[in-house]
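Please read through the structure below; I'll follow up with questions.
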Amino acid sequence: MEQMSVTQFAGELKMPAAALLEQLKRAGVDKSSAADLLTEQDKSRLLEYLRRAHGGGEPKGKITLTRKQTTEIRATDSTGRARTVQVEVRKKRTFVKRDELLGDAASAESPLLEEELSVAGEAAGEAVAAPEPVLEAAPVEVVAEPEPVQPEPLPEPEPEPVVVEEAPVQQAAEPEPVEAAAVAAEAESPESAQPAAPRARPVSITELLSEEEIAAREREARRHRELVERQQADLRARQQREAAAKAAAEARRLDEEAKARAEQQKKEEAAKPAAKPAPGPTGTLHRPAKADDKAGKDAKRGPAREADGAKRRGIKTRGEVGGAASGNAWRGAKGGGRHGRQQDDRQTFQAPTEPIVREVHVPETITVADLAHKMSVKATEVIKTLMKMGSMVTINQVLDQETAMIVVEELGHKALAAKLDDPDAFLEETDAHKDAELLPRAPVVTVMGHVDHGKTSLLDYIRRAKVAAGEAGGITQHIGAYHVETPRGVITFLDTPGHEAFTAMRARGAKATDIVILVCAADDGVMPQTREAIHHAKAAGVPVVVAITKIDKPEANAERVKQELVSESVIPEEYGGDTMFVPVSAKTGTGVDELLEAVLLQAEVLELTAAVDAPAKGLIVEARLDKGRGPVASLLVQSGTLRKGDVLLVGATFGRIRAMLDENGKPVDEAGPSIPVEILGLSDVPAAGDEAIVLGDEKKAREIALFRQGKFRDVKLAKQQAAKLESMFEQMAEGEVKSLPLIIKADVQGSQEALAQSLAKLSNDEVRVNVIHGAVGAISESDVNLAQASGAVIIGFNTRADAGARKLAESFGVDIRYYNIIYDAVDEVKSALSGMLAPEKREEVIGMVEIRQVFTISKVGSVAGCYVLEGLVKRGSSVRLIRNHTVVWTGELESLKRFKDDVKEVKFGYECGLQLKNYNDIQVGDQLEVFEIKEVARTL
């Protein structure tokens, strides 16, 4: 190794050069200036000097620890009173550092010196890192040897036996703190504390030792680490054994206490009848002592035989025998008397037990009995709590989740919202779509816009079909799904209704779609349903392509449409936005190709993909009940391939697909992603908008469908019950509201849903539309029976009643109304509700009369002679008495005369005499305002 100067060596040790020169001089190395060079011999001499100066050869240390710990326990004395006993535990341990832990003298001194010289320098830190565990291992090593480390507990002699048990427990419970204290004391001993002084002058060990010595020290350090790890493992094992023994002892103690309490309770129950005064002996009066002697002999023979004897002979005793007979056989006859009763009283003391707080998992619906079982209380407690909350319930009544959680909190337990064991989780586990290969698919395009803006006509031109002419009233009332093969690729179109009643249908269309074509007529501009369509598209996060239709009309103004759409945040590309605007004409076909081009361009940007070789997933677009084929559903396949014969689960319905038809009514065997089909074979008409999934197991599909049906029914019943309880007082305060009960039957699910929602919107505070039943299909006899029982009107939307239902309706007098256009149904129900409204009362002034003279007639009262200033006066009219421009009285005319004759009316310019009903305070100059109250029919 090359030589270095004193300055360089001092810089490496991070100490002043002057201090290093002073140490070198003491070590016998003659260096006069900081520029002098140091050799290896100089460094070795400095190291030997430092070893001698800091006690490298001192005798090995020894440490003695004395530990005192004071605790308190509560124990009962012979009188049964509890008192506090002071328990003091003294422990003394001696720790000796053994020779075999440090090895030979050279390997023991060099690690100590290394640590002394290397703490201050970063350069020397790496060389010392390996031998450092030698210092840490030394005190812990001693703990592993049981002979010298054995503690010497010196407990104070205590009279109580409990203290003798307590001392060893406290010894065993705290080995670690004593050993930790030993390690800390060892670290603070003079042997380890003295080297702290020369830390200001560290020396690099790598410069003083050879590679063989460093390797030997590393082997020694590794040996010590392994030894320490073995000792620590043994210590942990011993602690675990002690903890297990302590836990077993505690369990035995608790078990014995529980048995003692149980026996004490039995003894108390047996002693209760003994409190009554015992009857006299059964023998005769002149031989009472003999019976007592027999009882004493039985007591001497033992409690068990005493009990047997009592049972055989039926001897009446003072309760000890009863106690033995009831299971407390350990208690003999000697336990009687005052001292025995004191012992009983002492043993009956029980510590107060804390209430058990349980975590109760509350599902969406739960019965009162099940809720009580989960809390381990009686059902009557739950019913009492609900009664305090104002709810009268029975033990089998279903509670909703919110109410049940409130009850659980009231009873002091912790409520957790939980779901039932939902078999729907099976669907997530068997999801095969994650591993399937994703391939490009056709875009699903929804055509949306205001009514009569030309959506269906535009699709007609694209499909070269005539659908709009077949729609009732020329407006679309169903959602239609078609796929069109264009030269540029396949596009699936969804045609949604534009009428305001079909909001839910449009929302479903936006949910299932990839691109929205927003149709806006050039001659009409932005209308309410246009704005709603924009909101649906934004809510679904779907890109929009605007088609401005009817540009062939002379009054068309495409620029006005653009300006109005800009105010709705739909900005065209030429204005700097990202929305494509295409002017089209459904009659001439102008711009249709450009529209399809824009749609396919948008689809390429979206990079639409779906799994093809996987079980199908899709969305129910529309559903209806066909008389010959049963439930028929329009399904849009979103991923996977749907095949004939697959088991399909749709909401709460399921079934095996018996047939599949395309939009033209032609049978198909399979349908891939983005292809709409009609399917037959479901168990019931599904709700439009439900998700459909193909399962491999029909049994699992039936289980999930039945579970969903029951869950829906339970939630519905619970909500109805909650609504009844909440609205009870409101209904009592408001009085009975007039309602119009209706039964709605429609051809498809979406139309029935839209009609029910539109009619429900007509309700107000006075009249209400109550849709008792709504379903899909023809009007049946059961519908007529339901209408007859509830007094409802049946509305058939695009459907008819069968022959049996018509005949039954005629005999019952049930009103059945048929509609093809939703406008007509809404208008007629609106007029019916208007007729149910209470008429509005209005006042109409018909004349003004001035009082010119007042006559007072006995037995009649005051009669006014009047002059008609305006209009006319009728007999029985309502009048207001006005004095000094202030209304004084309002009432009716009692009589009206002209001269002496009673008349029906007196016209303007004539005089008359009149009398007011139950009012005589009239004066000359007063005016009477004559008015009538007319009833005016109200409208919604």
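Quick reminder: no glycine exception, Cβ is built from N, Cα and C everywhere.
In case it helps, Swiss-Prot gives these features for our protein:
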type: REGION; residues: 138-354; note: region 'Disordered'
type: COMPBIAS; residues: 138-147; note: compositional bias 'Low complexity'
type: COMPBIAS; residues: 161-208; note: compositional bias 'Low complexity'
type: COMPBIAS; residues: 214-271; note: compositional bias 'Basic and acidic residues'
type: COMPBIAS; residues: 289-311; note: compositional bias 'Basic and acidic residues'
type: DOMAIN; residues: 440-609; note: domain 'tr-type G'
type: REGION; residues: 449-456; note: region 'G1'
type: BINDING; residues: 449-456, 495-499, 549-552; note: GTP binding site
type: REGION; residues: 474-478; note: region 'G2'
type: REGION; residues: 495-498; note: region 'G3'
type: REGION; residues: 549-552; note: region 'G4'
Among all protein chains shown, how many Cβ atoms are found within 10 Å of the Cβ of I551 (GTP binding site), not counting that one?
21
Under a three-state reduction of DSSP output, how is G449 (GTP binding site) classified: helix, strand, or coil?
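Note: G449 (GTP binding site) is in a strand by DSSP.
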Rank the binding-site residues G449, D452, K455 by the number of other Cβ atoms within 10 Å of each Cβ, and give the residue at the low end.
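Relative to the other binding-site residues in G449, D452, K455, D452 has the fewest Cβ atoms within 10 Å.
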What mean pLDDT does the predicted model reach across the region 'G4' (549-552)?
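Per the prediction, mean pLDDT sits at 87 for the region 'G4' (549-552).
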What counts of helix, strand and coil residues does DSSP assign across the compositional bias 'Basic and acidic residues' (214-271)?
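Per DSSP, the residues of the compositional bias 'Basic and acidic residues' (214-271) fall into 58 helix, 0 strand, 0 coil.
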